[in-house]
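Visitor: Residues annotated as GTP binding site in Swiss-Prot: 166-173, 191-195, 213-216, 283-286, 314-316. Annotation source Swiss-Prot lists Mg(2+) binding site at Ser173, Thr193, citing sequence analysis. Residues or ranges marked as domain 'Obg' in Swiss-Prot: 1-159. Residues or ranges marked as domain 'OBG-type G' in Swiss-Prot: 160-333.
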Amino acid sequence: MKFVDEAFVRVEAGNGGHGCLSFRREKFIPRGGPDGGDGGDGGSVYFVADKSVNTLVEFRYQRLLRAQNGQPGMGRLRSGKKGEDLIVPVPLGTTVYDKETSELIGDLIEAGDKLCVARGGRHGLGNTHFKSSTNRAPRRTISGEEGEARELKLELKLLADVGLLGLPNAGKSTFIHAVSKATPKIADYPFTTLYPHLGVVRVEEYRSFVIADIPGLIEGASEGAGLGVQFLKHLERTQLLLHIVDIAPLDGSDPVQSIQAIISELEQFSQNLSQKPRWLVFNKIDLLPPDVAQARCQEIINRLNWKGPVYKISAIKRQGTELLCYDLMSFLETNQRSI
């Protein structure tokens with residue numbers, strides 16, 4: 001399931017250090033010649049494709065990327081220190097454009113691909129360079145150049161790592177809203193989600209994954225009923241399915257029958273999809289007393305003879321969602337997608 005994510009960021013390379021105006025001053029050498037050193041080059045900003053980075057979410061928190069300035073030159077022919085380059089990891093498949101001109105700067109396709117997006121300013125020259133037979137005490141220096149600065153647009157075709165399963169109104173949209181920046185339409189009636197929504201879940205710095213909420217499935221979806229059939233095929237590209245189950249349905253329906261209906265649709269649509277790793281997530285546990293919720297969850301597990309991972313959450317109250325997201329991140333890192 002591919003979606004285009006984008007981010008905007010300003011990059012500023014470091015300025016070059018200025019050249020030094022200095023003369024040799026030592027005992028018994030009253031008229032020492034020039035000894036001003038050169039400045040250091042400014043640091044550049046590089047993007048590097050890193051397979052451990054999945055999304056552009058980091059650029060929502062850091063909109064300015066700045067490399068170090070070069071240090072000025074010093075006396076005794078000492079050069080200034082070069083500014084440190086700024087190396088920024090980006091996901092594989094990132095495309096970089098100049099925001100103002102829409103010029104394509106480059107693509108980062110394979111792990112280790114490196115792209116200079118702002119080059120550091122060239123160092124200035126000390127007065128030593130301007131000594132001549134007619135000018136033994138030059139007072140001329142050259143200042144360091146300014147580093148490049150530009151506004152960039154980054155694009156990434158996202159491949160969803162986790163897909164959400166569940167009947168309409170199971171709470172999938174509420175869940176994706178609770179754990180990510182996605183804002184799907186949420187209401188208490190079936191088919192609230194009319195098209196896929198994508199959310200980026202940020203667990204820690206440079207640890208994030210992509211989760212997709214598709215329209216709720218109903219019985220017969222694999223044959224064209226409801227809204228989910230045209231999106232079922234996209235779930236085959238995900239690594240893991242979260243089966244969201246409403247344990248307190250307002251219509252009094254049986255959660256076990258709801259789960260079995262979804263499983264049946266998966267099996268009819270694709271054997272590969274039905275065998276994909278799937279975790280059971282009981283939602284809306286806040287609507288029941290704790291002992292009743294526990295008993296109902298256990299009853300469902302027993303009736304299904306479920307052997308896989310089980311989580312109990314309240315998406316609307318964000319109860320249990322943090323642990324689930326950390327476990328999802330660990331699973332995805334352990335079973336990293338081959339690109």
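Note that Cβ sites are derived from N, Cα and C of the backbone, with glycine treated the same way.
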Visitor: Distance between Ser314 (GTP binding site) and Ser173 (Mg(2+) binding site) at the Cα atoms, whole Å?
Guide: 12
Visitor: For Ser173 (Mg(2+) binding site) and Lys284 (GTP binding site), determine the Cα separation and express it in whole Å.
Guide: 13
Visitor: For the binding-site residues Asn169, Lys172, Ser173, Lys284, Ser314, which Cβ has the most other Cβ atoms within 10 Å, all shown protein chains included?
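Guide: Of the binding-site residues Asn169, Lys172, Ser173, Lys284, Ser314, the highest Cβ count within 10 Å belongs to Lys172.
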Visitor: Inside 10 Å of the Cβ of Gly166 (GTP binding site), count up the other Cβ atoms and send me the figure.
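Guide: The Cβ of Gly166 (GTP binding site) has 26 Cβ neighbours within 10 Å.
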Visitor: What kind of secondary structure is Ser314 (GTP binding site) part of, going by DSSP in three states?
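Guide: Looking at the DSSP assignment, Ser314 (GTP binding site) belongs to a strand.
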